[in-house]
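Asker: Have a look at this one.
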Amino acid sequence: MRTLLLTLVVVTIVCLDLGNSLICYVTRDGKTATCPPGQKCEKYAVSASHTGHWFHRWHCTSTCHEGPYNVCCSTDFCNR
């Protein structure tokens with residue numbers, strides 16, 4: 001009985017991942033991805049120099065871009 005209980009506890013921990021996974025937006029239309037350990041969510045602005053317009057990129061990263069329109073964060077779905 002103890003073995004069964006221990007097995008269930010281990011399976012639960014593995015399946016739940018103890019909350020260490022970070023979920024970020026990775027596209028404009030709201031698709032998400034689970035980031036590798038140690039990474040953050042980012043939304044950063046990129047200038048299309050030939051048009052003068054800005055557009056955004058969403059992704060997981062270990063190094064965030066700096067800038068006034070950029071978001072770098074470490075909670076689920078924080079890079080909207």
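Backbone N, Cα and C define each Cβ position, glycine as well.
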Asker: In Swiss-Prot, Cys35 is listed as disulfide-bonded to which of the following: Cys15, Cys60, Cys64?
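Answerer: Partner cysteine, according to Swiss-Prot: Cys60.
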Asker: Considering Cα atoms only, can you say which of Cys24, Cys35, Cys41, Cys60, Cys78 is the nearest neighbour of Cys72 (disulfide bond) among these disulfide-bonded residues?
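Answerer: Going through Cys24, Cys35, Cys41, Cys60, Cys78 one by one, the Cα closest to that of Cys72 (disulfide bond) is Cys41.
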Asker: If I take the Cα of Cys60 (disulfide bond) as reference, which of the disulfide-bonded residues Cys24, Cys73, Cys78 has the closest Cα?
Answerer: Cys24
Asker: Expressed to the nearest Å, what is the distance separating Cys73 (disulfide bond) and Cys41 (disulfide bond) at their Cα atoms?
Answerer: 5
